[in-house]
Amino acid sequence: MGDKGTRVFKKASPNGKLTVYLGKRDFVDHIDLVDPVDGVVLVDPEYLKERRVYVTLTCAFRYGREDLDVLGLTFRKDLFVANVQSFPPAPEDKKPLTRLQERLIKKLGEHACPFTFEIPPNLPCSVTLQPGPEDTGKACGVDYEVKAFCAENLEEKIHKRNSVRLVIRKVQYAPERPGPQPTAETTRQFLMSDKPLHLEASLDKEIYYHGEPISVNVHVTNNTNKTVKKIKISVRQYADICLFNTAQYKCPVAMEEADDNVAPSSTFCKVYTLTPFLANNREKRGLALDGKLKHEDTNLASSTLLREGANREILGIIVSYKVKVKLVVSRGGLLGDLASSDVAVELPFTLMHPKPKEEPPHREVPESETPVDTNLIELDTNDDDIVFEDFARQRLKGMKDDKDEEDDGTGSPHLNNR
């Protein structure tokens, strides 16, 4: 075929009897609605016999290690489960075919069974909590899984060899309209000083993209008789774990400590630049990351955009960011300044990916720069312009092969250990 095509991801069951086809692996949350999960499952009719084809979509919050499961208690909570009987189609599950499903059924034949899921917009985005250096197995966090299998009923126990499991992601992109420019100020009156110290800080904008430097403008008016010895700037990630009770964890992801002095009765103004990178935070256990799929690297978790009136109990992990500016003031005076000598302000901001440009119906198929398995991409040989690509993400250079993502692992970070 030519060098243009529509990419479709596929994954087959270990026994080779079922294959699921999806048009994408990332599904965008537009706040008021989420991209539908539409695809087809191709079934070997001799294997199907008199059974039915089921597809399930599960959103789960894994918050502990499987090896800690005792007495039937599991460290996992299913936030959302939906089931579709793909074949024979149940009347309540029958929906109009999407353009992708029409093309796939035309190409794959009559044994391709369509399925469609609607993800509620109030569900959390895919977030992974970074494991520690010694941790193995599945990481804690929120993930979405599509599972297809043949059975006489939904309650039938299915072996992994006879099913297809695909981990997909629910993602959000930065809004087109940024919020107001973050600014904050505070005034501190010190003992034995007639006049106060004033700190004002601002960011150059409200939305930053991953990998983009953050400019922090700091202005200090020191009318006291004390000296500002240091100025500490930090970017902090806050993760609200919404499970049984809401707990908040904070972690610095970029820091600068400047020995900039502000003498008594003087002013100071300077712009500091910090860039939060995951590469500089690889050892921080429990740091929130964007949901990670097999063979693909990720980044710091994006800020969570919430709908008004959203139920926080099913939001899983809510991520936010703040820049903290802290002045370290020299202690002095007869009483040694019993009150705290630090003066600080916080500046909330949004850290996200920009919304990608809409892809045209036909697109160039790029040559991969990273090594892939020889069977990773299969090109069809007829006139249709569909490119089938294995669902597994391309392997990163230097990354060892993982076990299949469905394997039960041990050693994930436990929330209580953060």
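Even glycines carry a Cβ here, placed using N, Cα and C.
Listed in Swiss-Prot:
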REGION    1-163  region 'Interaction with SRC'
REGION    45-86  region 'Interaction with CHRM2'
MOD_RES   Y47  phosphotyrosine
BINDING   K250, M255, K324, K326  1D-myo-inositol hexakisphosphate binding site
REGION    318-418  region 'Interaction with TRAF6'
REGION    353-375  region 'Disordered'
COMPBIAS  355-366  compositional bias 'Basic and acidic residues'
REGION    397-418  region 'Disordered'
MOD_RES   S412  phosphoserine
Validating a neighbour-count step here. Other CB atoms within 10 A of the CB of K324 (1D-myo-inositol hexakisphosphate binding site): how many? 19
Tell me, if you would, which residue among K250, K326 (binding-site residues) has the fewest other CB atoms within 10 Å in the structure shown? K250
Starting from the Cβ centroid of K250, M255, K324, K326, the recorded 1D-myo-inositol hexakisphosphate site, name every other residue in that chain with its Cβ within 8 Å, sequence order please. K232, I233, S234, V235, R236, P252, K322, V323, A344
In three-state DSSP terms, K326 (1D-myo-inositol hexakisphosphate binding site) is classed as strand
If you average the pLDDT over the region 'Interaction with TRAF6' (318-418), what number do you get? 60
Please report the distance from the Cα of Y47 (phosphotyrosine) to the Cα of M255 (1D-myo-inositol hexakisphosphate binding site), rounded to the nearest angstrom. 58
